[in-house]
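Pulled from TrEMBL:
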| type | residues | note |
| --- | --- | --- |
| DOMAIN | 4-69 | domain 'J' |
| DOMAIN | 142-220 | domain 'CR-type' |
| ZN_FING | 142-220 | zinc finger |
| REPEAT | 155-162 | repeat 'CXXCXGXG motif' |
| BINDING | Cys155, Cys158, Cys208, Cys211 | Zn(2+) 1 binding site |
| REPEAT | 172-179 | repeat 'CXXCXGXG motif' |
| BINDING | Cys172, Cys175, Cys194, Cys197 | Zn(2+) 2 binding site |
| REPEAT | 194-201 | repeat 'CXXCXGXG motif' |
| REPEAT | 208-215 | repeat 'CXXCXGXG motif' |
Amino acid sequence: MKRDYYEVLGVGKEATLDEIKKAYRRLAMQFHPDQNPGNKEAEEKFKEAAEAYSILSDPAKRQHFDQFGFASQGGQGQNFQFDPNQFAGFEDLLGSFFGGGGGGIFADLFGGGGRRRSGGGERGSDLQYNMRISFKDSIFGVEDKEIEIPRQDACDTCKGSGCAAGTSAQVCPNCRGNGQVAVRQGFLQMAVTCPRCEGRGQIIPSPCPSCRGAGRVNRRTKVRFKIPAGVDQGQRLRLQGEGEAGTGGGGAGDLFILFDIENDPAYERDGFDLHRKQEVSWPLLVLGGNLPAETPYGTETVKIAKGTPADKVIKVPNAGVPRLRSQGRGDLFLHLRVAVPTRLGAQEEALVRQLLEPGVDGQPAEEGFLAKVFGSDKGKKKKKR
Ligand SMILES: [Zn+2]
Ligand SMILES: [Zn+2]
């Protein structure tokens, strides 16, 4: 018959999470397999406490248990399965209690949870490289970029094992591979990191001469990759396995390239759209016609309709930034700006003066004609001509 979880932990039904944690820690200490080698009963008690804790420390599971008891787990509770996600919780709990470096003990108990430290090695660190690139490179991408970064790489001589040729690492005899040893302090037993192997659970009897057993060496390494077309300010590119080498067979970390994009004098980016100012002569706005407009992909001819307002924004479809992870590009928006000539030849000046001469009804021609160009309200209200 299975014991009630509250009974197992020795707490009341109203116990707070903190009380539940404390009760579990006390039991975990007492029945820890490391402190009770070969004691099957202690191991059972330890598992029982761990199971009770896994349920009562989870508010949803606890509520379910309060309501339905063991029926909630199907039958008599014999089929109870540990949620593997609980391992991390256990390790963290014990880590904070035993002063870091748990893992091995639980891996032993529960048949490995992925984070086993003893003998399993550690994954290398992730690295980040800040990369400033030109606006042009952000639009078109770079097919083959090469950078050189300082990082810890696996030692070539020992291929990262840290062992001299023909030898291999051995299970630490001091902690039997657990990475931790029990130390008695008064009447308390504490698990501390094994001083012989420093928690690795392994020792290297004859270290590799190149890396002195570290398995890794510092060096400057060239890394090549592709900058995708359309990358934006602050985006990160992940290069899997290009971070630092792991130890003892643990995989390499990742390298993240963080992009910082130089401003462009002409273009402003907004998502995948681009904006730029476009100078245009007012006669072209008045009469309409073709306007050659610069885009990142070359010059495009943009049609200007007759009587286009001077502050119009013209969309050039598909002339924006390439969309990352999909097809096509954003759009380019041309914000029109009337080009006013500062120097006029005698003939040109005469022509402009003619435009300012009073019209047939005594109103300056400007009211009807130039207003179309410059968008004057006055001109819109008075429809004289
Ligand atoms: Zn080496
Ligand atoms: Zn050891």
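In case you wondered, yes, glycine gets a Cβ from its N, Cα and C as well.
Other than Cys155, Cys158, Cys208, Cys211, the residues of this chain whose Cβ falls within 8 Å of the Cβ centroid of the Zn(2+) 1 site are, in sequence order, Asp156, Thr157, Lys159, Gly160, Ser161, Gly162, Cys163, Pro207, Pro209, Ser210, Arg212, Gly213, Ala214, Gly215, Arg216, Val217. The average per-residue pLDDT of the prediction over the repeat 'CXXCXGXG motif' (208-215) is 91, rounded to a whole number.
Closeness to ligand 2 is met by Cys175, Cys194, Cys197, these being the binding-site residues among Cys155, Cys158, Cys175, Cys194, Cys197, Cys211 whose Cβ falls under 6 Å from the molecule. Per DSSP, the domain 'CR-type' (142-220) is made up of 0 helix, 36 strand, 43 coil. In the vicinity of ligand 1, defined as a Cβ distance under 6 Å, the following of the binding-site residues Cys155, Cys172, Cys208 are placed: Cys155, Cys208.
In the domain 'J' (4-69), the DSSP tally of helix, strand and coil residues is 48 helix, 0 strand, 18 coil. In this structure the C-alpha atoms belonging to Cys208 (Zn(2+) 1 binding site) and Cys175 (Zn(2+) 2 binding site) are separated by 23 Å. Checked against Cys155 (Zn(2+) 1 binding site) by C-alpha proximity, the binding-site residues Cys175, Cys194, Cys197 yield Cys197 as the nearest.
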